[in-house]
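**Student:** Take this structure first; my questions come after.
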C-alpha cells in the first residue's frame with residue numbers, strides 16, 4: 001500500500017500534545033496488559049476457573065479408616081468455617097498442620113473455609129492446611145500464558161511490516177479492535193465457560209503488541225525530547241501490567257468482573273477512535289542532524305548488515321535472556337505465592353504487591369530518558385565523530 005500522506009505534513013503543538021496523551025493512556029491501560037498475568041491468575045483461581053481439574057471435595061474428606069476426630073470433617077458443612085483446634089484438641093501441636101513451616105508461628109486457632117480456597121489433606125494421620133495446590137490447574141494456566149507470550153512476541157516483524165506498508169491508522173484500528181474484543185471475551189470467561197480465556201488472552205497479546213509498536217512513533221512528535229518520550233511510553237507500558245489489580249478491588253466491593261471488562265472494552269474503543277486525529281501513515285519525523293554543512297554527512301547502512309552485526313546479535317541475545325527470565329518469573333509467581341502462603345487472603349496480598357511494583361516504572365524510566373536527551377544534545381554540538389561518541 002503506497003504512502004498517501006503528504007511529505008510536508010506539519011502538526012500543531014496542541015495536536016501533537018493530544019496525540020501523545022492518547023499514547024500514554026493506551027500504554028497505561030492496554031500495551032502490556034498480558035504481563036499482569038500473576039494478578040489475573042489469582043483472581044481466576046478464587047473464582048474457581050478450571051477448578052474441576054482438581055480433586056475437589058476429596059481433598060477435604062478424610063479416608064475411611066481415619067481417626068474419629070478427623071471424621072467430623074466429612075459431616076461438616078464445607079462452606080462454613082472449621083476450627084482445627086476443635087478437631088485436633090487444644091494440646092495438639094500446630095507443626096505439620098500448614099503447608100509450610102512459617103505458618104507454625106500462628107496461634108492454634110485456624111479457621112478454614114473451602115469457599116476461600118483453603119484445602120485440608122490427610123497425610124500420615126496429620127491434617128495439613130494451606131492454600132489449595134492443584135497441579136493440573138496450574139499447568140493449564142501455564143499453557144495459556146505460554147501461548148499468550150508467544151503471540152505477543154513472535155508476530156512483531158509482521159506488525160513492523162504492517163506499520164511500514166499499511167500505516168499507522170490501519171495498525172492502530174486493528175490492534176484496538178482486537179483489544180476491545182479480548183476484554184469482551186474475558187468478561188464472558190466464567191467457571192462454567194473457562195475456555196474463552198484462550199481466545200481472550202491471544203487477542204489481548206496481538207492487539208496490545210500492535211498498539212505498543214504503533215505508539216513508539218509518538219516520541220517523534222517532540223524531536224528534542226525523543227528519548228524522554230520513548231522512556232515515558234515504555235514506563236507506562238510496564239504500568240499496564242497492573243491493570244488486573246482492578247479486578248481484585250472490584251471483587252472486594254461486589255462489582256462483577258464482566259462489568260469491569262466491558263468498561264475496559266469501551267475505553268479501548270474510545271481511544272481507538274482518536275486514531276482519526278493522527279496522520280494516516282506515520283508521524284512525520286524532523287531530524288535536522290547532518291543537514292548543517294559543518295556536520296558530516298550521514299551514510300546509510302544496509303539493513304541486513306545492521307541486523308547481522310555483533311552489536312545487534314549481542315543485544316538480541318541479552319534481550320532474549322532477560323525476557324525469558326521475566327516470563328518464567330511471571331508464569332510461576334502465583335504457584336510460588338500459593339506455596340508460601342497460609343491463606344488465600346495472604347496470597348492475594350502478594351499478588352497485589354506484584355501489581356504495585358509495576359507502578360513505579362513510569363517515573364524511573366522517564367528519568368533515564370531525560371538524561372539520555374541531555375547527553376544527545378551535548379553530543380550534537382560536537383562536530384568530531386570520536387568526541388561525539390565519547391560525550392554520548
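Note that the numbers count up from 1, one per residue, in the order the chain is shown.
Glycine residues also receive a Cβ, built from the backbone N, Cα and C atoms like all the rest.
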**Student:** Which of these ranges is annotated transmembrane segment in TrEMBL: 95-117, 118-140, 141-163?
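**Tutor:** My reading of TrEMBL: the transmembrane segment range is 141-163.
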**Student:** Of the ranges 329-348, 349-368, which one does TrEMBL list as transmembrane segment?
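**Tutor:** The listed stretch tagged transmembrane segment in TrEMBL is 349-368.
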**Student:** Looking at the ranges 36-56, 57-77, 183-203, which is given as region 'Disordered' in TrEMBL?
**Tutor:** 57-77
**Student:** For the transmembrane segment (227-250), which partner among 17-37, 141-163, 170-190, 196-215, 262-285 gives the most CB pairs under 8 Å?
**Tutor:** 17-37
